[in-house]
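Colleague: Okay, here's the structure, questions in a sec.
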Amino acid sequence: MAPVLSKDVADIESILALNPRTQSHAALHSTLAKKLDKKHWKRNPDKNCFHCEKLENNFGDIKHTTLGERGALREAMRCLKCADAPCQKSCPTHLDIKSFITSISNKNYYGAAKMIFSDNPLGLTCGMVCPTSDLCVGGCNLYATEEGSINIGGLQQFASEVFKAMNIPQIRNPCLPSQEKMPEAYSAKIALLGAGPASISCASFLARLGYSDITIFEKQEYVGGLSTSEIPQFRLPYDVVNFEIELMKDLGVKIICGKSLSENEITLNTLKEEGYKAAFIGIGLPEPKTDDIFQGLTQDQGFYTSKDFLPLVAKSSKAGMCACHSPLPSIRGAVIVLGAGDTAFDCATSALRCGARRVFLVFRKGFVNIRAVPEEVELAKEEKCEFLPFLSPRKVIVKGGRIVAVQFVRTEQDETGKWNEDEDQIVHLKADVVISAFGSVLRDPKVKEALSPIKFNRWDLPEVDPETMQTSEPWVFAGGDIVGMANTTVESVNDGKQASWYIHKYIQAQYGASVSAKPELPLFYTPVDLVDISVEMAGLKFINPFGLASAAPTTSSSMIRRAFEAGWGFALTKTFSLDKDIVTNVSPRIVRGTTSGPMYGPGQSSFLNIELISEKTAAYWCQSVTELKADFPDNIVIASIMCSYNKNDWMELSRKAEASGADALELNLSCPHGMGERGMGLACGQDPELVRNICRWVRQAVQIPFFAKLTPNVTDIVSIARAAKEGGADGVTATNTVSGLMGLKADGTPWPAVGAGKRTTYGGVSGTAIRPIALRAVTTIARALPGFPILATGGIDSAESGLQFLHSGASVLQVCSAVQNQDFTVIQDYCTGLKALLYLKSIEELQGWDGQSPGTESHQKGKPVPRIAELMGKKLPNFGPYLEQRKKIIAEEKMRLKEQNAAFPPLERKPFIPKKPIPAIKDVIGKALQYLGTFGELSNIEQVVAVIDEEMCINCGKCYMTCNDSGYQAIQFDPETHLPTVTDTCTGCTLCLSVCPIIDCIRMVSRTTPYEPKRGLPLAVNPVC
């Protein structure tokens, strides 16, 4: 009996065991069975689990905000990029958050980092440790929606880390004269005391302003201040602090360690005697606040202050912090941490990593009074730290030379808000170690004497003007913890930033110079910003290849003016006609597309419009062109014009446009709706003969270049382009919108629906949804007509997509829908993005990157994961009992490494230097054409197969399902571990990779065995019917 071909064989049926099936009955499972199921598949901590994960010597990232590229792109796309964004107003350094998130969503990580470091020289540090819930995130408008605020800190960290991996140095503002030609004032000696965040920020901005003799004096043998010594490695790795310090040193800032404030080393008076024109005090608050009951207690007895404990932990866990490598403090048994601020929580979680069995956070007030940010509180809670509120320490009990307990009294708040201690309510808490984290002060009389003659306030802190950061001594400024206004790293950074401008203003005044009334601090610059992205096409010089298409963003000439002010290289006017062809639009006429599904807000992949050409007169546009060219001579203005198939009309209108001063013309032969009914637009652009003749008429009429705007709504766009060239056109625009009907409502009415009759017409679809059509059009024209100039349009929404069109053969790029999604300022992102893409092509060390995307290391939730299979020879997923096994293996590995006590390798930073020329725009035009051809030219010998990285796999089974129901049933799915395995029947179709939600979890690699297609039946078998 012949086999039944339309039934799966037994092997395939086995593979399909877990494939989804439509449900025909309600499910029935016992509660006990479901409890067991839940335990097996659980990924988050079990609420009934009371055992603590072994964290000793585990200093891996624990932040919830950390993002990998996938998470960053999804989160950035979710951002609304609001007008007058509240997130920016809530940031102490006033980061342009909207702009840097825009860059991330466009995969321009360099551009995002440039925006971040321009306003915050410690942008990576702050991305990691900022209490964003109380700052930028607290003002996010998406807080008013179901999905909640954007993870701004995680996005800031991600972009900054990618830039860090690029290893590109900071440079002086390119607009500054060389150092030798700078005015004398810029050689003034400036001293900064303390190498913490405030000083690093202040020095960075002063160096960006052009000052060349800046020295930071630091009493420790390491730099970074509290970022280095008190914020733990698992929240802020030392290589991050070092990276930002190296960026500062790129500008020539000097650091001298081992120099403290004292009569015998550094004083303000000695600095003045040595010729320093200005000084900045950023020494923080170096001494701990302690309760009298701890007087005389030592570390050997089990007592630490946060100022003792955290630096000890840092020195043993932060690679590169100092030359020494000391062991972790040996903390055993129960630990009491006193305090409710961020430092107390850092002490608590650090104690677990030093071996503490249990940690109790004890504080005087209630939970609602905890000063630590919610992010830190939640982390301590997850790590099973215990919280004991309303307790004030009264007595430390010592036996045998060791702390054994602490006695507390209860605190209560009365009706007036005053806190009282109730001596009748006593709590006796056993402990082996006590860590006091009650805050910091400036107490050392030697330091105060060295700061003489500045005045101190009643809190024993320097008197400082909160606007200028100037002390009572005009040449001395201060910022950070020492001032008493900054409570966070980012506020200290802003103090230094604020002070830098007023130090600049002060020094310039000393040399008889003035500064602008409005502060103008320079941006962050690197060699990327020096890349030339200008391009020539048809004899026209474009300052950059990005321009506005003839569409909604150029509705009026004042909009074009604003676009040029923002940085756009060129613009087309909205298409205009002779007065006899003037139009009046309908409404509604521009609507969101359905190609993104039910996604609302910006980031739409398509729009549909039934808008006609400009409602403004030719006279308006001609006068506007004249005005724009007068004020923006370096920008290209192209007049977009449209007539019916009438020689006199085309010659008249083109001559008017030329006379207005337009650099070039665009002949709109492709408007897909409305105008075609009038014998214009599409009615002219679908016939090669009509196109050829119109171009001949215009060529007879004008001397300036002109370009025919082509429609994609034809069978053969090359024949239209060839006709335009034969008619004398200097190039073509490819392409206009695609004709379509976007959608119908449930009652059958269309959207947009005009008037009471709810009528509509086929409109023009634009946006990234039509990019594949536009890319095909550009490449086919470029291949058929080599060297023929092409202005690309159709789904260009980033530097990356723009580069695709340049590689396809276009010379310049027109943008519309991306501006409709956002605003004119996206041009800044496009320019920095394109510069970065070109620059990175010259760095040999980054040749494995895909544009600005680095290779993806194995990770879960954006954090690197150890390859468990290499440690134990077995693959384990990240859930249920397998997750517990993983944690145990990792804990054992961390202890093994601790016992080895290997010295940390030194941190060395050698910025990558271009080893080959940075390509110009002309060098990349048409680069992709060599890879395009017919299907017959493709090799069916060189095949690929899928490989899945089990460490990155999140066990969703999407690869398995698509392979089953849309492919070749070549993936097995383990019923217990949900780990997919690719079988040798994989044909390399790549569907699995296409639906996998994790970037680079699936890769296609070369097939090592010959590919033999499954024919179903042997060849040459007679057909059944």
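In case you wondered, yes, glycine gets a Cβ from its N, Cα and C as well.
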Colleague: Quick check on the annotation: Swiss-Prot has N668, L669, S670, N736, T737 binding substrate, so which of N585, N609, N635, N821 does it put in that site too?
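Modeller: Answer, per Swiss-Prot (substrate site with N668, L669, S670, N736, T737), from N585, N609, N635, N821: N609.
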Colleague: Besides K574, T575, K709, G767, T793, G794, G795, C816, S817, which of S550, S557, S558, S596 does Swiss-Prot list for that FMN site?
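Modeller: FMN site check in Swiss-Prot: besides K574, T575, K709, G767, T793, G794, G795, C816, S817, the record includes S550 out of S550, S557, S558, S596.
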Colleague: C79, C82, C87 bind [4Fe-4S] cluster 1 according to Swiss-Prot; which of C140, C175, C202 goes with them?
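Modeller: My reading of Swiss-Prot gives C140 as the candidate in that site.
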Colleague: Just to verify: the residue among C91, C671, C956, C963, C992 with the fewest other Cβ atoms within 10 Å, which of the recorded positions is it?
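Modeller: If we count Cβ atoms within 10 Å for the recorded positions C91, C671, C956, C963, C992, the smallest count is at C956.
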Colleague: For the domain '4Fe-4S ferredoxin-type 2' (944-976), what does DSSP give as the number of helix, strand and coil residues?
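Modeller: DSSP classes over the domain '4Fe-4S ferredoxin-type 2' (944-976) add up to 9 helix, 8 strand, 16 coil.
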Colleague: Taking DSSP three-state, what's N668 (substrate binding site) in: helix, strand or coil?
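Modeller: Looking at the DSSP assignment, N668 (substrate binding site) belongs to a strand.
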Colleague: Which residues, same chain and not among C953, C956, C959, C963, have a CB within 8 angstroms of the centroid of the CB atoms at the recorded [4Fe-4S] cluster 3 site?
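Modeller: For the [4Fe-4S] cluster 3 site, the extra neighbours are I948, N955, G957, K958, Y960, M961, I971, F973, P980, C992, V995, C996, I1002.
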Colleague: Could you tell me the C-alpha distance between C992 ([4Fe-4S] cluster 4 binding site) and C130 ([4Fe-4S] cluster 2 binding site) in angstrom, no decimals?
Modeller: 38
Colleague: Using Cα-Cα distances with a 10 Å cut-off, which of the binding-site residues C87, Q220, G794, C996 are near C959 ([4Fe-4S] cluster 3 binding site)?
Modeller: C996
Colleague: Are there any residues at least 6 positions away along the chain from N736 (substrate binding site) with a Cβ closer than 8 Å to its Cβ? List them or say none.
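Modeller: In sequence order, N668, S670, C671, P672, K709, L710, T711, P712, G764, T793 meet the Cβ cut-off.
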Colleague: Could you check what DSSP calls N736 (substrate binding site) once collapsed to helix, strand or coil?
Modeller: coil
Colleague: When DSSP states are folded down to helix, strand and coil, where does G767 (FMN binding site) land?
Modeller: coil
Colleague: Using a 10 Å cut-off on CB atoms, tell me which of the binding-site residues C79, C140, A486, L669, C816 is the least crowded.
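Modeller: Relative to the other binding-site residues in C79, C140, A486, L669, C816, A486 has the fewest Cβ atoms within 10 Å.
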Colleague: When a 10 Å sphere is centred on the Cβ of N487 (FAD binding site), how many other Cβ atoms does it contain?
Modeller: 15
